[in-house]
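Contents: one structure, followed by commentary.
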Amino acid sequence: MEQPLLGGAPARRCCSSGTLKAWLPILSWLPRYNLKWLQMDVLAGVTVGLTTVPQALAYAEVAGLPVQYGLYSAFMGGFIYTVLGTSKDVTLGPTAIMSLLCYSVVGGEPCRAVLLTLLCGLIQATMALLRLGFLLDFISYPVIKGFTCAAAVTIGFGQVKNILGIHGVPQQFFLEVYYTFYRIPEARVGDVVLGLLCLAVLIMLTFMKMSLTSEDAPACQRVARNIVWGVATMRNALVVTAASLVAFSWEAYGHHVFTITGQTAKGLPPFRPPPTSDITPNGTVVSFREIVEGFGGGLAVIPFMGLLESIAIAKAFASQNDYRINANQELLAIGVTNIMGSFVSAYPVTGSFGRTAVNSQTGVCSQAGGIITSVIVLLSLAFLMPAFFYIPKASLAAVIICAVAPMVDFRVVVKMWRIHKLDLLPFFVTFLMSFWQVQYGIMGGVAMSGVLLLYNMARPRIKVKDGETKPHKLLVMELDSSLSFPATEYLSHRLHTQALQVSPPRSVVLDCHHVSHIDYTVISELRDLLRQFKLREVNLIFSRVQEINYLQRLWMDRKRLTEAFICEIELWKILGRLQHYLSVA
């Protein structure tokens with residue numbers, strides 16, 4: 001009988017059904033697809049599509065790009081995620097935070113925004129292939145909350161000028177605040193009235209949706225509830241459509257009452273490679289290298305924030321709807337979406353919490369709902385672009401303000417104060433620095449979190465118990481974590497001040513029950529401490545050590561090991577006389 005080649009088994013495993021399903025999750029659910037799923041996916045896709053179109057137009061304004069770029073960014077995710085995504089609820093597309101980050105890096109330059117999308121996608125896909133998703137764990141919750149609160153304030157206030165209909169306001173936050181109030185006398189009455197009216201309607205419909213109950217009710221009440229839910233869910237599309245009709249009617253009679261979106265590109269975007277250079281208004285050619293250097297830290301911040309936002313949303317809805325996601329596969333789906341999106345002039349996208357919530361509440365059954373949403377966006381691009389000419393900017397501003405308002409949640413400050421006050425440091429560092437530059441806020445928050453993490457490593461908690469047993473004067477010190485080199489000096493200082501420098505010197509029992517790791521630097525310091533204790537004719541005793549063999553393998557010979565770790569029977573004879581002092585929970 002012929003023997004298989006040595007590489008045959010691994011090759012078969014690489015091409016096995018399980019491996020293909022892991023890389024292409026669509027193969028897991030497509031064989032089970034049925035008519036009922038199709039009905040629910042079409043309903044959810046249409047509902048989300050009607051929410052996506054006005055939001056995409058509005059978020060393009062936040063990114064400083066022409067409104068059609070919002071739609072360019074909104075359809076690729078539905079197709080890619082259907083094949084590669086592991087959450088049935090998540091919808092990928094432009095979001096308020098990604099739009100703000102994009103503007104902070106590219107300053108509203110379309111060519112650079114598209115190139116940024118490609119580079120972000122490559123970084124995200126590479127992270128997925130190298131299984132580097134764990135790096136997201138180093139962005140702490142206080143940093144995320146500080147950033148989202150600051151982003152919501154920045155985005156929301158940035159739309160006040162569109163509600164007022166004033167122009168020439170700088171984009172830098174503090175200057176924007178000053179000039180917005182300074183130019184209030186220049187506000188256009190039509191924009192103010194329309195903007196406030198749109199805000200009022202959106203807020204009213206939002207509260208109506210929140211007040212709906214799911215309790216059993218007569219058929220007529222259920223029908224009424226479904227109608228209210230449908231109207232409230234599609235409130236953005238309804239408000240923008242109504243405002244556009246009002247603006248069109250005034251424009252038709254020659255009255256320019258409102259500030260409207262104006263001319264937009266018609267039709268579908270061309271499928272072409274993203275540009276690798278740019279030309280300034282004065283004709284200067286900016287090379288690829290110069291563009292990338294101009295991106296600076298944003299080239300690291302945007303991919304990470306996109307991944308973090310989308311995976312957090314996917315995990316939340318997976319837990320709510322009782323299924324599991326694959327985090328690295330989610331990274332791949334987002335990365336490929338951005339790579340392919342750059343070929344259709346998209347700017348960076350991620351998961352949208354609001355649209356994902358609508359998708360879930362509508363009863364979507366599979367990732368195929370995203371295809372329906374993408375088709376609606378494509379139809380809007382193909383046939384409705386001339387109508388977008390009349391969309392008032394005040395109505396889009398109202399949509400954005402209502403979308404970001406729930407992100408401002410300062411109740412979290414009270415919770416951090418009650419649970420762990422030091423968490424407020426990265427929160428406020430991120431929050432305040434984000435008003436200067438968004439990416440600097442995130443970097444500053446991560447740096448502060450890192451400092452706190454290193455501080456905890458360098459200053460481990462040590463519980464101290466005093467005791468006296470004839471003829472021994474003992475000090476019992478319990479370590480609550482592993483020991484690494486940053487903690488060496490602190491541990492040595494505590495032992496010197498509380499045991500060696502007192503009169504008379506005291507013996508110490510060092511309880512290492514919680515210590516699972518000790519590095520070379522700590523071992524070296526402990527040897528020196530043993531020598532100093534011996535010179536003063538007192539003992540340093542190690543109790544409940546987890547890995548004696550591990551320490552021995554480092555470099556301690558058997559003789560010193562015997563000096564450091566007395567046998568278990570003799571140790572517990574001594575500790576038996578100190579039972580009262582060692583009774584710790």
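Quick reminder: no glycine exception, Cβ is built from N, Cα and C everywhere.
Now, the feature entries from TrEMBL:
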- 474-554: domain 'STAS' (DOMAIN)
- 42-60: transmembrane segment (TRANSMEM)
- 66-84: transmembrane segment (TRANSMEM)
- 114-134: transmembrane segment (TRANSMEM)
- 146-169: transmembrane segment (TRANSMEM)
- 189-207: transmembrane segment (TRANSMEM)
- 227-250: transmembrane segment (TRANSMEM)
- 295-318: transmembrane segment (TRANSMEM)
- 330-349: transmembrane segment (TRANSMEM)
- 369-389: transmembrane segment (TRANSMEM)
- 396-414: transmembrane segment (TRANSMEM)
- 434-455: transmembrane segment (TRANSMEM)
In contact by Cβ distance (the transmembrane segment (369-389), the transmembrane segment (295-318); 3 or more pairs under 8 Å): no
Long-range environment of the transmembrane segment (189-207) - Cβ separation under 8 angstroms, sequence gap at least 6: 162-165, 231-232, 235-236, 239, 243, 246-247, 250, 257-259, 392-395, 397-399, 401-402
Touch test for the transmembrane segment (396-414) and the transmembrane segment (42-60), at least 3 Cβ pairs under 8 Å: yes
For the transmembrane segment (434-455): best-contacting stretch of 42-60, 114-134, 146-169, 369-389, by Cβ pairs under 8 Å: 146-169
For the transmembrane segment (227-250), sequence-distant contacts whose Cβ falls under 8 Å of one of its Cβ atoms, 6 or more beyond its ends: 47, 50-51, 53-55, 57, 190, 194, 198, 201-202, 205-206, 208-209, 212, 256-258, 260, 358, 361-362, 387-388, 390-392, 394-396, 398-399
Tertiary contacts of the transmembrane segment (66-84) (same chain, 6+ residues out, Cβ under 8 Å): 24-26, 52-53, 55-60, 90-94, 110, 113, 117, 261, 264-265, 269, 329, 332-333, 336-337, 340-341, 344-349, 367-368, 370-375, 377-378, 380-381, 385, 388, 391, 396
Considering the transmembrane segment (369-389), which listed stretch of 42-60, 114-134, 146-169, 330-349 counts the most C-beta pairs under 8 Å: 42-60
Distal contacts, the transmembrane segment (330-349) - CB-CB under 8 A, six or more residues away: 63, 65, 69, 72-77, 80-81, 84-87, 90, 92-95, 98-99, 101-102, 110, 113-118, 120-129, 133, 269-274, 302-303, 306-307, 310-311, 314
Within-chain partners of the transmembrane segment (146-169) [C-beta distance under 8 Å, separation at least 6 from its ends]: 61-62, 96-97, 99-100, 176-177, 179-180, 183-184, 186-188, 190-192, 195-196, 199, 258-259, 305, 393-394, 396-398, 400-401, 404-405, 407-410, 426-432, 434-435, 438, 441-442, 445
Across the domain 'STAS' (474-554), average pLDDT on the 0 to 100 scale: 80
